[in-house]
Amino acid sequence: MSFFIRNSAKSKISGPKVGQKRKTLSKPSGGKAGKKTNGRLPGKRRMKGGNEEIASDEEILSDIEDIAEQVASEDEEETAQEKRLRLTKQYLSQLEEEEADKRVSEEIDRDAISHRLQEDLLEQAGKLQRKVAAQYIPPTPADIQVLRGHQLPLTCLVISSDSKHVYTGAKDCSIIKWNVAEGKKEKVIAGGRKGTEDKHQGHTAHVLCLAISSDNKFLASGCRNKVIHIWDPVSMTRLHTFTGHRDAVAGLAFRKGTHTLFSASHDKTVKVWSLDEMAYVETLFGHEDSIMSLDSLSRERAVTAGGRDRTVRVWKIPEESQLVFHGENRGSIDCVAFINEQHIVSGDDNGNVSVWGLMKKKPLVSVRGAHHTEGSDQQECWVSAVAALTNSDLIASGSSDGHIRLWQCGDNFKSVQPLFSIPVVGFVNGLKFSSDGSLLVAAVGQEHRLGRWWRLKPARNSLVIVRLRKTS
């Protein structure tokens, strides 16, 4: 019996392989379809010498199909495994890319933080000089906006830290708050007549200087009547009045980030005020002539221009000392501004623009006749205003020659090169850059802010807003 079982298994296994054509069984000669042969069905075969039947062709085909289906299912199972493996690899690759991007962004953040810390350290040390001047291009006529509102020549201006508002003062004793975006007046503090100081809220003499705190909380104004008014910049209501100077108040500046106010006067003194307490702090002496201008940055220092004593002085408040810098000419140094904590720009009535360093008593570089043109008189060369984009290499100067001129400072402020000029008719009595360097504003009048020595009739008493553009 075992013999037949083995043969039966062999006959099943030795059937046609997958993919091979099945041989057609030949019909018995003389036989008909469906006819029995020797008592057997045509699809059955019997082994010799035994009674066990061998599987028919149909059964063999059925077994082959079962085997094929099993092989196909195994192939499908392998494909699913490969798919899972591929998806796993793809997910891992995505995670690696995300981690790499995260590392790159963290490195960029660290670099940005490191760069910012380095800039802060350089700024505190007074050595920061951002190279931005070369990026600026001359403005088009559409970039220059002229706003009129004062009846008499403008003498001073200041721009808010967010660059949204400009405040101007004039010889008509008024102060105007301007909206830069709309180019319109928002508030006006009208000037009063002499003798009405007790009744009038505003000034009753020429407004000569303005200053605004870095948080836009206080606006200070000084005039020829020796008083300093403190205003709310939003509502333009008067908060307080300081008295103490014995002559005209010609310069005002807030220490950056604080409510400490410095004031300079024609009485040759500098006074320090605390607006947190609305109180007087101290008086600084040293100048031998009227102080014409004043500026301050973050340190507890102030810089002043001494006019006819031909000196620029840096006042170190904590040390109770001063640095004295002597001009090269006999002219009056009328305007001054900090570039950074270690460098200063000044202008005088001889037409010179000078850059100073605190480590040297003489100017590092001077541009002689900065506003001089052929056939021009000395009065047209008088540098009446200077400004600097803080911690950069860009400075500006104004005169009455019909142009505001922009300059680029070289490395370590040892050279000054002209960039371009902006046409403006009249005396440029005040200049300020916005904190982001996108705006340059000028207070323009028919007369110099401190006197009536000359009068330019073609000029208009106006605020000029110049939108500065950079190369793309």
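The count begins at 1 with the first shown residue.
Even glycines carry a Cβ here, placed using N, Cα and C.
According to TrEMBL:
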- 33-48: compositional bias 'Basic residues' (COMPBIAS)
- 1-57: region 'Disordered' (REGION)
- 147-188: repeat 'WD' (REPEAT)
- 200-241: repeat 'WD' (REPEAT)
- 242-283: repeat 'WD' (REPEAT)
- 284-325: repeat 'WD' (REPEAT)
- 383-408: repeat 'WD' (REPEAT)
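If you look at the repeat 'WD' (200-241), the same-chain residues 6 or more away from its ends with a CB under 8 A from one of its CBs are 155-162, 165, 167-171, 173-175, 177, 187, 189-194, 247-254, 256-259, 261, 263, 265, 273, 275, 278, 294, 449-450. Broken down with DSSP, the repeat 'WD' (147-188) shows 0 helix, 23 strand, 19 coil. Assigned with DSSP, the residues of the repeat 'WD' (242-283) fall into helix, strand and coil as follows: 0 helix, 24 strand, 18 coil.
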